[in-house]
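Below you'll find the structure, written out as C-alpha cells, and then a few comments.
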C-alpha cells in the first residue's frame, strides 16, 4: 500500500518550476487567507523570487487580509519586498470591447451585414464566462510582461475562473465567422463601423482575434502543465463545501489542470467544552472522515479554527506555518 503524500505544501513552496498557483473554493472558506499567507511564505522562503498575488474575486478581500489598500497595479507589501499584490476587476478588463455593436442602428439598410455582425457578437458575449476568459488573457499577458517568477490567483468562488480554458475553441469558432463575413461582404466590412455608429474596425477584428487565439492557446498549454501550474481548493468540513470541492476537482481533472493539494479550514478542536461546539465538531468529524477517504492521494492540510482574526503580515506569517513541514 502506497503512503499518503505529506500533509504540507513544501512541494509548492520549494518548487523551482511552478509559475502559476490558483487558490479557490466556496465563499467564506478562507481562500483569501490561504492565498495571501501562502504568498507571504513563498516570498519569505524564496527571497530570490518575485512573487505576485492577483485577486480576481470581485470581493477583493486581499486588501483586508493584508490591512493594506491595493488596486489595479501591483503594490509591494511592506516587510516582504519581493511580494506584490494587485486587485483586478474583470468587468473593467472587458469594458468597451463590443460596445455599440448590439445597439447599432441600420440607417443605411445594411440588414444582412448588421444581422451577421450583431449575431456574431451576441453569440460571443453569451458564452458563459467569456468575459473572465478574455480578462484572464489580458491579466496573464500583463503578469508575464512584469516578469514575476510566481503568480498566485485569489479566484472568484468555485469554478468561475476555469471557463477561460474553453477560450481557444470559442475564438476558433468566432474566427471562422469573421472569415465568412469577409468573404461575403468584402470591402463593406471596413465601412461598417460608420454604418452602425461605432468606431470598431471590423477589418482589424480578424488579426486581433488571431492574436488573442495564439495567446489563449499558450495560456491553456501552460495552465495544463503540472510543472508550471497547480490549483489548490480550500474548503471547510461541511456538506456544501465538500460537494462543491468534489465537483471542482472533477472539473479540474476534466480540463487536465493539476490539483494535488487541498486545504481543510476552520476545524473545531476536539476538546471544546461548549455544547454547540461539540455538536458542530461531531458534524465536522463526519465530513473529515469522508475527506480522508476521498482525498487520500492528495496533500491534505487541516487547519483549526483561528481564535484571532488573520489580518496583517505578522498574522499571515503565523497562519502560513500550517503549510510547512513539521519538524
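Positions of Cβ are set from backbone N, Cα and C atoms, glycine also.
Record check: Swiss-Prot places 26, 27, 28, 29, 30, 31, 32, 33, 238 at the ATP site, and the matching candidate among 7, 260, 265 is 265. Between the listed binding-site residues, namely 28, 30, the fewest other CB atoms within 10 angstroms of a CB are found at 28.
Of the listed recorded positions, namely 57, 238, the sparsest CB environment within 10 A is found at 238. Cβ crowding, taken as the number of other Cβ atoms within 10 Å, peaks at 277 among the binding-site residues 274, 277. Nearest to residue 238 (ATP binding site) in space, judged by Cα atoms and limited to the recorded positions 57, 274, 277, is 277. Taking the C-alpha positions, the distance from residue 32 (ATP binding site) to residue 57 (active site) comes to 9 Å.
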